[in-house]
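Q: Mind looking over this structure? Questions follow.
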Amino acid sequence: MLVHRMKLLTASAGILLFAIIFGWVLFPQILKFMISKQVTLKPGTDIRDLWSATPFPLHFYIYIFNVTNPEEVAEGGKPRVQEIGPFVFDEWKDKYDLVDDVVEDTVSYNMRNTFIFNEKASSPLTGEEIITLPHPLLQSIGITVQRERAAMMEMVAKALAIVFPDAKPFLTAKFMDLFFRGIDVDCSSDEFAAKALCTVFYTGEVKQAKQVNQTHFLFSFLGQANHSDAGRFTVCRGVKNNKKLGKVVKFADEPEMDMWPGDECNRFVGTDSTVFAPGMKQEAGLWAFTPDICRSLGAIYQRKTTYHGMPALRYTLDLGDVRLDEKLHCFCDDPENLETCPPKGTMNLAPCVGGPLIASMPHFLNGDPKLIQDVDGLHPNEKEHAVFIDFELMSGTPFQAAKRLQFNLDVEPVQGIEPLRHLRKLIMPMFWVEEGVQLNKTYTNMVKYTLFLGLKFNSGLRWTLITLSLVGFMSAGYLFYQKSDSLDITVPPNIIRESNKVANAPKPDRQQQPKAHLVPLPGVNLSNPKVEHRDRY
């Protein structure tokens, strides 16, 4: 019995120890190792194929801030805007001219985005709607010259009147013309001023303009970005070090930017946003470099959530206030003078795009209250305007995401150009975009069956083993309790034999036993006994 109890106790302890070591230590490490070997950008892997050409389109939404009182604003009035949208596009992403460097464990490629108008999802909008926005060329050129080349203002004003005859502070046109097809820029004049102004178009300084013949260009917000090169990246493949998977090490063949007055702002941090390393720490955040704004942005952990029944972590992004972070003072015009920093919740894009453009969250969400007060018709809210990503850390999978950004014009009165003389100084919202993705079951099932079923199996196994070990401990304890309640006494054999001899010996006859003779004590008469009573003290 003692041997059986000890075996049961030892087996229970062994099962418990195995459950703890395997369930909480070995299995997670084995799973992470298997994922790290699968999730790399090595040629021939499934991840490489998915990464190089996304097999499904992202959803790209455009919302317009249509100005409903342009004449009033031109005379110094407060702008009133009406949001129109979304205009929905299918955005296809692919990478081409891929070159691997096995020694450095990197891959270089060109990124390309292709936008296709989705009529069904955009309905009832058709893209032919007439909208009114700040004149993107007249205002941008006038404001930039006033700030940087004031001595040339007279010549520029003359050139603008020739190239854009009868131009006003606000431009009214069809949505598709402004954003993709383009509005005409006539550079056919032989006037010296006009030729000087058109030089910036011929040299490619105006990136949004496309030359159609020797004297004409088409300007649009996104036309030049459609199905064209978005820049050459060099990123880590993650074969030698899985933690560096997707990390941007070069852009345009440069190891860092030369855009901002500070090293911290010029560094590439994170990935190209199309892939993330598995097994990242929750507090590390999700960082990605965005060439459109010449900056790396990081999303921070907010809360736990679920997606199609699978646990995920939600990360959110905010432009914050660069004045409060000394490392970000390099995003100010003059890092030594905080008065030159952009308002809270905004980012100055002038060094990046070459014009008075300001980025912000849609409707100036989480921005300086004055930004909202300066314009009627803005209604920021977290649900519709915040940036978020639902992310699975162990596999590095983004389940769903919404990347949102608003583009604004940094407006100010331009004294040298008559149509712009009476404008208010403010940050004028023009439009905001959302790039969204939601993985369907085809791709979430890949994560579910390769990761979560394994995790569920491990969870079920370890708790089953722990339950068995507890049952074993309880059974052993019960047996030990029974032993202590009824002890087994073992008597030596010689004592048993002697005891039997005594028990089996013949008993003497009571009648044959001699009578005992009583010997009286001196002075005691046995024939007349008396009882003596004494007090007891």
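Using the three backbone atoms N, Cα and C, a Cβ is placed for every residue, glycine included.
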Q: Regarding the disulphide bond with Cys265, report which of Cys198, Cys330, Cys332 Swiss-Prot records as its partner.
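A: Matching partner in the record: Cys330.
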Q: With reference to Swiss-Prot, which of the candidate residues Cys198, Cys236, Cys294 participates in the disulphide bond with Cys352?
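A: When Swiss-Prot is consulted, Cys352 turns out to be bridged to Cys294.
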Q: In Swiss-Prot, which of the ranges 187-207, 460-480 has the transmembrane segment annotation?
A: 460-480
Q: Where the distance is taken from Cα to Cα, which of the recorded positions Asn66, Asn213, Asn226, Cys294, Cys330 turns out closest to Cys341 (disulfide bond)?
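A: Nearest by Cα distance to Cys341 (disulfide bond): Cys330.
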Q: In DSSP terms, helix, strand or coil for Asn66 (N-linked glycosylation site)?
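A: DSSP assigns Asn66 (N-linked glycosylation site) to strand.
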Q: Is it possible to get the count of other C-beta atoms within 10 angstroms of the C-beta of Cys265 (disulfide bond)?
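A: A 10 Å sphere around the Cβ of Cys265 (disulfide bond) contains 22 other Cβ atoms.
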Q: List the same-chain residues at least 6 positions away in sequence whose Cβ sits under 8 Å from the Cβ of Asn226 (N-linked glycosylation site), in sequence order, or say none.
A: Asn113, Thr114, Phe115, Phe180
Q: Please identify, among the recorded positions Asn213, Cys352, Asn440, the one with the smallest Cα-Cα distance to Cys265 (disulfide bond).
A: Cys352
Q: Would you mind reading off the Cα separation of Asn213 (N-linked glycosylation site) from Cys352 (disulfide bond), to the nearest angstrom?
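A: That separation, Cα to Cα, works out to 27 Å.
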